[in-house]
Amino acid sequence: MPKIGIIGGSGVYGVFEPKEVVKVHTPYGRPSAPIEIGEIEGVEVAFIPRHGKYHEFPPHQVPYRANIWALHELGVERVIAINAVGSLKEEYKPGDIVIIDQFIDFTKKREYTFYNGPKVAHVSMADPFCPELRKIFIETAKELNLPVHERGTYVCIEGPRFSTRAESRMFRQFADVIGMTLVPEVNLARELGMCYVNISTVTDYDVWAEKPVDAQEVLRVMKENEEKVQKLLKRAIPKIPEERKCGCADVLKTMFV
């Protein structure tokens, strides 16, 4: 079974042809969609469309626990997450790729843990993302001459609404990009000892910029971003070593009370 899982959108189908569809039942309900298993450049991977096959789940209703649990049940050890984000800084331009290294959680009412009792866990999130995977994707993006930022802080909001101008100006003080789907996905993966890397693609500037949003321009950028991510996945995934040496699973030794 696959050891690499991808959570993202329809753009993944550009490099991935499903060979098998697996329905996984979890203690947390059904995942966003049945898991599709196929290959990217000869490497077996599992794929879940985060928002559902027909984009039926808004960000605050994505079954995050079921998605991560289902991948783990299939034997997935590494998760590659793809997100579209808005920019909070001038230098993070539409069309750029950001390999996120930190996040700030401004969500409000999601299911954040697998451990609601009687077993209690306090997982370390000081460095939430797998250093081994981050290095591979950063180096590969540079090889492909893609516009990549090696670091970025992602502020995750509840959604589905966008920010007010006041909120956007506040978020600018401590984050680089803004989105709605990183949390609780990243902490759930950590609770199961899985490696997790986030590839965020910038679609436009958030409302702090006070620039009129051109819907056609946003769609054009999103299409280009899909193509960039496809190139990145095709080149990077074959570089991922069979055995993990990153220590992401070590958190399981210290997180239980």
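Here the Cβ of each residue, glycine as well, is placed from N, Cα and C on the backbone.
If you look up Swiss-Prot, you'll see Ser10, Arg50, His51, Thr181 marked as phosphate binding site, on the strength of sequence analysis. Annotation for Arg50 (phosphate binding site): spatial neighbours Ile7, Gly8, Gly9, Ser32, Phe57, Val62, Asn67, Thr181, criterion Cβ-Cβ under 8 Å with sequence separation of six or more.
Here Ser163 (site 'Important for substrate specificity') comes close to Ile157, Phe171, Ile178, Asp206, Val207: these same-chain residues lie at least six apart in sequence, with C-beta atoms under 8 angstroms from its C-beta. Residues or ranges marked as site 'Important for substrate specificity' in Swiss-Prot (evidence: sequence analysis): Ser163 (among others).
Neighbour count (other Cβ atoms within 10 Å of the Cβ, all protein chains): 24 for Asp206 (substrate binding site). Per Swiss-Prot, substrate binding site is recorded for Met180, Asp204, Tyr205, Asp206.
Among the features that Swiss-Prot reports, site 'Important for substrate specificity' is placed at Ala215 (among others). According to DSSP, Ala215 (site 'Important for substrate specificity') is assigned to a helical segment.
The secondary structure of Asp204 (substrate binding site), as reduced to three states from DSSP, is extended strand. Ser10 (phosphate binding site) falls within a helix when secondary structure is assigned with DSSP. Cβ-based neighbour count (10 Å, all protein chains) for Tyr205 (substrate binding site) stands at 19.
Summarising the environment of Met180 (substrate binding site), the number of other Cβ atoms within 10 Å of its Cβ, over all protein chains shown, is 23. Recorded residues Ser10 (phosphate binding site) and Met180 (substrate binding site) have their alpha carbons 17 Å apart, per Cα-Cα distance.
Rounded to a whole value, the Cα-Cα separation of Met180 (substrate binding site) and His51 (phosphate binding site) is 12 Å.
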